[in-house]
Structure formats: C-alpha cells, structure tokens
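Asker: The structure that follows is given in the form of structure tokens.
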Amino acid sequence: MKCGTRALINSLALHPDVVTAEHEVGYFVGRNYDRGLEWYRSQMPTSRQNQITIEKTPNYFIKSAVAAPRIHAMNASTKIILIVRDPVARAVSDWLQFCRKFNQTHIETCRTFEGSGILAANGHINPKCAQIRRSSYALEVDKWTTLFPLHTQFHVVSGEKLVLDPVSELKKVESFLGLRQHITERNIAFEGKRRFFCMVSDDGEKRCLKPSSKGVKHPDLIPHVEATLRAYFKQLNQRFYRQVGQDFGWD
Ligand SMILES: Nc1ncnc2c1ncn2[C@@H]1O[C@H](COP(=O)(O)OS(=O)(=O)O)[C@@H](OP(=O)(O)O)[C@H]1O
C-alpha cells in the first residue's frame, strides 16, 4: 500500500497481453471470500486466451497469513508482485492519506504524527500501529516466498525506481510474467514540473494519476521523529534485503 501499486498496475495494463481488474477486489481477505471462486472470477475483466489477468489489492500483503495460503490454494502457479518503497516515506504517505480521509488537513498534525498512534507516549515507535506494520516488509515476506518461490513466482519492484526509471522497472516485470517486451519510452510521459510520469497508450491517449491523492508533497518530518522512524526500520530493512536478495538502499 502507498508504494506505487496504482501506477504499476495501470502501466502494465498498457501491455496488449495484460488485462487488469478496475478496482481492488480484496477477495482473499474479505467477506466475499465465502462467495467462492465464481464470484472472484466475475470481478475480473474478460480476457483472451493469450492474456494475463492482474488484480491489485494492497491489503493482501499485510494480511499475508490469510491471503497467501488462500491464493496458493486457488492456483499454486499464481505469480505475485510486491512493490515496496522506503518504509518511512511509505508510512508518511499512508498517514497523509488517513489525514486527508478524516479531514485532518492541518499540516502540523500530519507532520508530527500527532494522533496517529505511530509514536507511543514514551516517544517509541508503536509496532502495532497500521502505518508501521504496513512498512515492516520483513515481517510478512516469508509467508509469501515459502509458497511462491522468489524469482519464478514472486517479484519485488522498487517503488523508487518505478518513479525514476519506469521503463526499466516495467521491463523486469514483463520478463517475470513471461510477456514479450512491449512497454517502451513511448508509453511514458513526464509532465511539466510533476515528479511523476503519466501513462500513454499505444494510440496516444495519456492518463495521469490524480495529483490530489497520488504524488502529493510530503511535509518535512520533525527531525527527531524521522530519526526515530529510521532507527526503528533499519534492522527490518536489512532483514528484508536478505530475504529478497536485493538492497533497496533505504538506510
Ligand atoms: N506515475 C505516478 N503518479 C503518481 N504517483 C505515483 C506514480 N508512480 C508512483 N507513484 C507513487 O504512488 C504512491 C501511491 O501509491 P499507491 O498507488 O500504491 O497507493 S494506494 O495504496 O493505492 O492508496 C504515491 O505516493 P505519495 O507520493 O505519497 O502520494 C506516489 O509516490
């Protein structure tokens, strides 16, 4: 969640051999699971035989203990893509979304994480807080890779690289999915001052993500809050790099 999932799935949808579900289906972790596989199938777009169907539900990752075995039981050859980002930036993004949702737009409240539950009264990080748990990638990833082997069925995308060099990151995903290479620079447009790319379909239609919710400017964190967060995630990050065999350089 908040690592670029929408940009990633919308970019992959530019590939002619990919179809994507419009919304976050949430089937494997929600009440709809009881409605069975036919319900899940009914949420998917129509696809041709040579097309891959992709859905994104960020919640699956944080609910791995339930989601991973259920997905595996549905189809053990499913391919899983995880997109990650500096956990501190991710937590801030997550908290800003929460602030927006509940109209707590007062920037100082967001900046200090006041009311977020991220910092306990003693100034320490609260590991149970949703924004922290969702950034603790190391605690979840093994639940996936034991069922979906790394490299062949589990691929990790760098959210930072997707923003800076989308085509290279997308080409890696194409290879992982066994797709012919199709997405090129012509499918990506960097817009004016915005740091984020827009997607351009093969017939030239441009689509950018809504700047009010994707790619919003983050407030500068209060230095001691940022230092506390960085210190907290350091070990988890190192462990995650070892688990997936990739150093994301967040520390
Ligand atoms: N092309 C493009 N346009 C806009 N935004 C982009 C893009 N690529 C990546 N990002 C980053 O995506 C972040 C939002 O992540 P998600 O789409 O995963 O959010 S969500 O979980 O679906 O709510 C969003 O986070 P914030 O910067 O915190 O708003 C962006 O950093």
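Glycine residues also receive a Cβ, built from the backbone N, Cα and C atoms like all the rest.
Annotations per TrEMBL:
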{"type": "ACT_SITE", "residues": "Lys2", "note": "active site, for sulfotransferase activity"}
{"type": "BINDING", "residues": "Lys2, Cys3, Gly4, Thr5, Arg6, Arg85, Ser93, Lys214, Gly215, Val216, Lys217, His218", "note": "3'-phosphoadenylyl sulfate binding site"}
{"type": "DISULFID", "residues": "Cys198-Cys208", "note": "disulfide bond"}
{"type": "DOMAIN", "residues": "2-198", "note": "domain 'Sulfotransferase'"}
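In terms of burial and nearby residues, how do these features look in this structure?
Answerer: Residues near Lys2 (active site, for sulfotransferase activity) in space but far in sequence (CB under 8 A, at least 6 apart, same chain), listed by position: Pro58, Arg85, Arg90, Ser93, Asp94, Gln97, Arg134.
DSSP classifies Ser93 (3'-phosphoadenylyl sulfate binding site) as helix under the three-state reduction.
Within 10 Å of the Cβ of Cys208 (disulfide bond) there are 17 other Cβ atoms, across all protein chains.
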Asker: If you count other Cβ atoms within 10 Å of each one's Cβ, which of the binding-site residues Gly4, Gly215 has the most?
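Answerer: Answer returned by the neighbour count: Gly4.
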Asker: Need the DSSP three-state call for Cys198 (disulfide bond) to compare against my parser.
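Answerer: For Cys198 (disulfide bond) - judged by DSSP and reduced to three states - the answer is strand.
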Asker: Measure from the CA atom of Cys198 (disulfide bond) to the CA atom of Gly215 (3'-phosphoadenylyl sulfate binding site) and give the result in Å, rounded to a whole number.
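Answerer: Per the Cα atoms, Gly215 (3'-phosphoadenylyl sulfate binding site) and Cys198 (disulfide bond) stand 11 Å apart.
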Asker: Between Arg6 (3'-phosphoadenylyl sulfate binding site) and Cys208 (disulfide bond), what is the CA-CA distance rounded to a whole number of Å?
Answerer: 11
Asker: For Lys217 (3'-phosphoadenylyl sulfate binding site) and Cys208 (disulfide bond), what Cα-Cα distance in Å is obtained after rounding to a whole number?
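Answerer: Here the two Cα atoms lie 16 Å apart.
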Asker: Around the Cβ of Lys217 (3'-phosphoadenylyl sulfate binding site), how many other Cβ atoms lie within 10 Å? Please give the count over every shown protein chain.
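Answerer: There are 8 of them.
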